[in-house]
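One structure, pasted below without further comment.
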Amino acid sequence: MMEDTAPSSDHPSSTPVVTPGKGFTKTCKGGVVVLIGGYALLQLIPGSINYLAIIPAKTIPFVWTLFTAGYIEQVLPGAIGNSLGLLFCGKDIEPVWGRKELLKFIILVNFISSILAFVIAVALYYITGKESFLTTPLSGFHGVLAAFLVALKQLLPNLELPMCFFWKIKAKWMPLFVMTFSTVMAFIVVESINFLPTLLAGTYVGWIYLRYFQKNPLTGLKGDPSDDFSFASFFPDFMRPVTEPVANTFDKLCCARSRAGHQALPVSDPSKASRRRERGEKALEERLAGENAGGTIEVTSRGESDDTNA
């Protein structure tokens, strides 16, 4: 599942050769302050969770929790893990998207994921009859992190992400791995099922936005219609006969209007979309290489100037 065919020498790779960011961005550092601050607030004022996290039984009067829940961490491991995820994912994504687009993505995914998590919790209550689905506080940044993994799949699909010890997994398979692992853990550790709705919602919302609505910085088009970023591409090839019909059904139900309105999306010719994406990726590589070269030239010039003055 993790193997890839090497690209031919006469055809540019569909993956941008972009090295991971050298440092954490100010935007992501500010996000970490918010996450740690949210956790600290709960420790100082435990009762504030009733007004900041999503409690499905109280969400209708407390609708602002749909905005705040994503930034409130209830446990220390979650605060640390999500903070690290924000730093390391953000340093690769923000240089390509820019600060404004990154913040827009975070706010959008957090809000819509919160709505979906609320709907799923209420549905589970009516299906199972368990009141815990209505009274358990739902919060955390993990929905956005799931969407970040989708973004890395789009931008740097062959980037190897370390998991544990010597095992690494390519970014294009990370969303599937996280969803599978989280689903299995939900059956083993009952408490972890509270994270599953937000993770699933974050993954799907992130893909919908990047697939159909974001102005792609690599191609200049609205959305990313390439086969490499289709819903079926999240799954191994042997699952395509099952996933493609399901993906097409969801596509028609959820995004037919969006697709019909986007004349720039060459959905009928995926090969042209891939070539445009490759040209955009090549331009991005050249721009980043130029910026790095510019920094080197500036340092060299300063050194020569210092030698002359001496």
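Glycine is treated like the rest: Cβ placed from N, Cα and C.
Sharing the feature lines straight out of TrEMBL:
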- 278-289: compositional bias 'Basic and acidic residues' (COMPBIAS)
- 301-310: compositional bias 'Basic and acidic residues' (COMPBIAS)
- 264-310: region 'Disordered' (REGION)
- 32-54: transmembrane segment (TRANSMEM)
- 66-90: transmembrane segment (TRANSMEM)
- 102-127: transmembrane segment (TRANSMEM)
- 133-152: transmembrane segment (TRANSMEM)
- 173-190: transmembrane segment (TRANSMEM)
- 196-213: transmembrane segment (TRANSMEM)
What residues elsewhere in the chain lie close to the transmembrane segment (32-54), defined as a C-beta under 8 angstroms and at least 6 residues from its ends?
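Distant Cβ neighbours of the transmembrane segment (32-54) are 62, 65-66, 68-69, 71-76, 78-79, 82-83, 86-87, 114, 117-118, 121, 137-139, 141.
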Go through the chain and flag residues at least 6 beyond the ends of the transmembrane segment (66-90) whose CB is under 8 A from any CB in it; none is fine as an answer.
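Contacts with the transmembrane segment (66-90): 24-25, 27-29, 31-32, 34-36, 38-39, 41-42, 49, 52-54, 59, 102, 110-111, 113-115, 118, 137-145, 148-149, 151-152.
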